[in-house]
Amino acid sequence: MSRPILNNLRYKTMLKLSHLSPCRGVCLPLALLFSLVLFGCDNRGVDDFPVLGEVTRDFSFVNQDNEVVTPVVFQDKVYVTDFFFTTCPSICPIMTRQMTRVYEAVKDEPGVLLLSHTIDPEHDTVEVLKNYADGLGIETAKWHMVTGPQDEIFAMAKHYMLAAMKYEEAPGGYLHSGSFVLVDRERQIRGYYDGTDSEAVDRLIEDLALFREP
Amino acid sequence: MTNVSSSSIVNLAKRVAAALPVVVAALVWTAGGLAAAETVPATAGSGSALFAEHCSSCHGAAGEGFRSLYPPLARSRILADEPEVLPCIIRYGLRGEIVVDGRVFNQVMPGNSLLSAGEIARIISHMQALWGDENRAIEVETWLEDCK
């Protein structure tokens, strides 16, 4: 919807400028450059994001404050979700840093929530998650860190089309995806982002700004 | 006169042109070297490479730590005051309340059983050189015997 309007605007601006002959040589290229900067790269709308999947599975987990977390919590919200565990030595600490960047970016946006699942519920009890969240200094209402039956958590990872499994040889004993998943208000998956890559997470933060508008 | 000078200009131009690939190559080489120096530590298996691989994901590339989750090793007094506990922390991990740089941390550091005594020694000497006391003797094998 928004793209045609912007293109139209750009067209009109160029037309008008080309009538001002004295400044044509300098202004026109400048105006072109300007309109490119203004509209060229930034005219994406949510319609440009294909629907990659639908979150239809029900779940019931418990967060760091011992509150039950079900899909109801995410009703009419855009959310970002991932799978991690607190003692993971390899990629999780980097994912946590990156998710903290997302947290800082959406802290004051009521329409966006974060949901991190531990894949090691045996170690990551509510108390351990609480302690971890306190170490990060985050608010539960914005960033839910949940635990629950391991097979349920693995099933949920699979539902988001992410890998998560026990694997003795991996550092920490688990193999799992480092992706962040963007889920829109209609529970549709709209993006996967490498949670260990700060540039991918820059993009996620930009995309969230598009999706959080009602 | 004109002929000579124009031909010498042509010659100069030719020489510059001939040298260009070398100049470009040198630039690329230097840039590559710089980029490599930033991302990949010089020798695989060196103290800095091992630190980057096994410690920096949590403690940060410059030992700066992260919030109240991962303590800043660059400010840990253990390096200068009590290095003999380092091998045990690295191999068996650490949990419970500690104070680093005046701040309380109470998290879980997982142990790393993959690192050999020699590798642990190289990591410690790397940290000592950057943030501690590089003149301290490092006796990993002996220190490991006293782990609690």
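Placed from the backbone N, Cα and C atoms, the Cβ positions cover glycine too.
TrEMBL does not curate its annotations; it predicts them automatically.
Owing to the predicted nature of the structure, the values given are computational and were not obtained by experimental measurement.
Sequence annotations record features per position, and here TrEMBL assigns Cu cation binding site to A:C88, A:C92, A:H176. The number of other CB atoms found within 10 A of the CB of A:C92 (Cu cation binding site), across every protein chain shown, is 28.
Under the heading disulfide bond, TrEMBL lists A:C88-A:C92. Taking Cβ-Cβ distances under 8 Å and a sequence gap of 6 or more within the same chain, the neighbours of A:C88 (Cu cation binding site) are A:D120, A:P171, A:G172, A:Y174.
Those residues of the chain, other than A:C88, A:C92, A:H176, with a C-beta within 8 angstroms of the mean position of the Cu cation site C-beta atoms are A:F83, A:F84, A:F85, A:S90, A:I91, A:M95, A:I119, A:G172, A:Y174, A:G178. Sequence-distant contacts of A:H176 (Cu cation binding site), defined by Cβ-Cβ distance under 8 angstroms and a gap of at least six in the same chain, are A:F83, A:F84, A:I119, A:A157, A:L162, A:A163, A:A164, A:M165.
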